[in-house]
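Reviewing the structure listed below.
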Amino acid sequence: MDGHRSAAPYGVPDELDAGRLEHRSTAFCVFVLIVLVLIGEMIAFEFTFVYPALTELAALYKTPDIGWVLTIASLVGASVTATVGKLSDMYGKRLVIAWMLGAFAIGTLLCATTSSFGVLLLGRVLQGAAIPISAVSYGLVRDIMPRRLVPIGLGMLASGVGASGVLGPLLGGALIDWAGVRSIFWFLLVYVIVVGAVLLAVVPESPVRAPQRLDLGGAITLFTSVALILLAVSKGEEWGWSSGRTLASLAGGVLVMGVFFQVQRRVTEPLMHLGLLTRRSVATTLLVALLGQFPLAAYSFLNPLMQQSPPHPGNDHGLGLSAFRLGVEITVFQGGMAVIFGVVGGRLARRCGGRVVAIAGCSALTVGILSLGYAGTTLWELQLVAAVTGVGFGMYYAAIPNLMVEAVHAKEQGIAAGMQGVVAGSAASAATAALGAILARHVLVNDPATGVVIYQTDGFRYACFAAALVGAGSVVAAVSMRHGRAPATGGAAPDADPERAAPAGTAPPAPSAT
């Protein structure tokens, strides 16, 4: 048991419930959730808009290093997530979201107007600093929604992530075709201004505060260590896994991470209470999040490579689909099921607990990525695989936030969500790097003149099988969880500390039906 935490007895309202929307209509609560979903979609758009724009951006800025447009945003986002989570605990979650929207707007304006590749990267740094918005939004939903709506609200946020995966490439591609590559940034600038204004006008601030000073030394060392490790993972294939740059980045990241842990042990107000990592409920949730992210990221990485490859002997998967056809004929099934089952997962967590939802989500992701490697080239097979993966996507993203909300006190929510974000980002980067290394051993065609690379069927199958093995590990981890077996309560104090026994003669309140 953690001595710094307190729980209200069953049936006694927590003092932090004062700021909840208990007396507002369900329609208003749903509107607030929609605003947060739209803000989360914006963060996904900063990547899904840019993917189809890479060729045009490379030509516009006359650089072979255009991949940094994606890499630098991902590195910054993963590196600042824990610190931003801590700031949201200290100063308020809505306020911190507004700060990030401001940074995103400035960065987007730079991207839209600059003719310098260096300034473009600076703009992407500022956009990347807004990536933790989703993690902070989970905490805001926990703090302001009526507890009966928290699990469902977290599921709605998951649905938004699924929808953006379909809308992003289609909308981004249409903007590029109709108005030029800079139009994606002008669109995002208008978007962020509108959703930012609605956030400030409609969404209430969380009453939860953890009054502390920011551990600047911890923030700097954590940022540096995560950035260096992810840099090595992201660029290892390009630089060579045994190259000096890769090994130096990896060794430096590990060394600085050791310094970070030493700093956290010595300061009186650490950025991250290391006791969180040793708490069983938190540790198992992070483990499931880590392993489950692998097959999810694998599908996003491998599916376009497989279906957009041109037909060629030795590659049974090549359909030669355009990005637009891939989206409307296959990916839409993944996104559609993710939207539906994000909400379903939230409702199921409220009735059966987050563990059941995690088991279902990780199982579907594992089946989906394994099936991708062995599916034929008929459209209905690929649509079925996409739909199964979408079910897993929605359930996974509904389960993990609900499990974390039930594992930590409200004043720890920001840093816990930050840790979850770091784990997810690291797992996605590791998945892409590991699967890219497998594919690199099975190259069928590599034409330097056109840049076309076609991989062997066996390469795709080995990659899918490797991702499925990790996914199976996530299922085992979820099944073995002791945490998340009771219906989700939206972070009610007794259930937020699973290691605290209920007072004798009492029982957890049953969730109300909707």
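Every residue gets a Cβ built from N, Cα and C, even glycine.
Here the structure is a predicted model, which means the values were calculated and not measured.
Here is what TrEMBL says about this protein:
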type	residues	note
DOMAIN	26-485	domain 'Major facilitator superfamily (MFS) profile'
TRANSMEM	66-84	transmembrane segment
TRANSMEM	96-115	transmembrane segment
TRANSMEM	121-141	transmembrane segment
TRANSMEM	153-172	transmembrane segment
TRANSMEM	184-202	transmembrane segment
TRANSMEM	239-261	transmembrane segment
TRANSMEM	282-302	transmembrane segment
TRANSMEM	322-344	transmembrane segment
TRANSMEM	356-376	transmembrane segment
TRANSMEM	382-400	transmembrane segment
TRANSMEM	421-440	transmembrane segment
TRANSMEM	460-479	transmembrane segment
REGION	486-514	region 'Disordered'
COMPBIAS	486-505	compositional bias 'Low complexity'
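Over the domain 'Major facilitator superfamily (MFS) profile' (26-485), the average per-residue pLDDT in this prediction is 86. Contacts between the transmembrane segment (282-302) and the transmembrane segment (96-115): absent, as fewer than 3 C-beta pairs lie under 8 angstroms at sequence separation of six or more. The stretches the transmembrane segment (121-141) and the transmembrane segment (421-440) meet in space: the count of Cβ pairs below 8 angstroms, excluding pairs fewer than 6 apart in sequence, reaches at least three. Simply put, out of 66-84, 184-202, 382-400, 421-440, 421-440 has the most Cβ pairs sitting under 8 Å from the transmembrane segment (460-479).
Within its own chain, the transmembrane segment (153-172) has Cβ neighbours under 8 Å at 29, 33-34, 36-38, 40-41, 44-45, 47-53, 134, 137-138, 141-142, 145, 184, 187, 300, 323-324, 326-328, 331-332, 334-340, 342-347, 349, 390, 393-394, 396-398, 401-402, 405, counting only residues six or more beyond its boundaries.
Counting residues 6+ beyond its ends, the transmembrane segment (382-400) has Cβ neighbours under 8 Å at 151, 154-155, 157-159, 161-162, 165, 285, 288-289, 292, 295-296, 299, 303, 307, 329-346, 348-349, 354-355, 357-358, 360-369, 371-372, 375, 420, 484 in the same chain. Same-chain neighbours of the transmembrane segment (421-440): 74, 77-78, 81-82, 85, 131-132, 134-135, 226, 229-230, 233-234, 236-237, 241, 286, 289-291, 293-298, 301-302, 305, 455, 459-460, 462-463, 466-467, 470, counting only residues six or more beyond its ends whose CB sits under 8 Å from a CB of the stretch. For the transmembrane segment (66-84), the residues of the chain that approach it from at least six positions outside its boundaries are 46-47, 50-51, 54, 57-58, 96, 100, 120-121, 124-125, 127-132, 135-136, 214, 219, 222-224, 226-227, 230-231, 234-235, 238, 271-272, 414-415, 418-419, 421-422, 425-426, 429, judged by C-beta separation under 8 angstroms.
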